[in-house]
């Protein structure tokens, strides 16, 4: 049992690194695993809100979920691989950062749709499934980013912020976390 715990510590933290609750002292794998867990938790909450609270996601919400899923994949791949080479860690960080920045852009667009004046609001338009059946992927993407009436509704708030605002906060935080994880100089594994 002790051997399994030591192996898990070495896998996550690297050789001979002390376990710490301070995430800024974690190794690359632990940082990327925590990024993955954050994305998975956010996606799980979005699904919970949809299935149990009855809030149907608008097309921009779905694109934000896709961005969180892509970010989760990059975080998980980086955590599982745990590269020793700094250049490879930086590649994982940049890929994660790009996914997060795309998410920031989608969330920012969603926030803009929510806060724009009501007289600028467009009609809801068809559901995303219909758009996918009748248009090509680029036309669907362009149509969704124009923001429909449903995207302008604010059905959920926490601490005064709507769900897209919280998504934007999380995307920014995870983008910075990915850069920190990959570009932070590796600590020596020998205790002093």
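Here the Cβ of each residue, glycine as well, is placed from N, Cα and C on the backbone.
These come from TrEMBL:
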DISULFID  58-61  disulfide bond
TOPO_DOM  1-31  topological domain 'Cytoplasmic'
TOPO_DOM  49-66  topological domain 'Periplasmic'
TOPO_DOM  185-192  topological domain 'Cytoplasmic'
TRANSMEM  62-80  transmembrane segment
TRANSMEM  92-112  transmembrane segment
TRANSMEM  165-183  transmembrane segment
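In terms of DSSP secondary structure, the topological domain 'Periplasmic' (49-66) contains 12 helix, 0 strand, 6 coil.
Around the Cβ of residue 58 (disulfide bond), the number of neighbouring Cβ atoms within 10 Å comes to 24. Through the fold, the transmembrane segment (165-183) approaches residues 24, 28, 31-32, 34-35, 38-39, 42, 64, 67-68, 71, 74-75, 78, 89-94, 96-97, 100-101, 103-104, 107-108, 110-111, 158 of its own chain, all at least 6 residues removed from its boundaries and within a Cβ separation under 8 Å.
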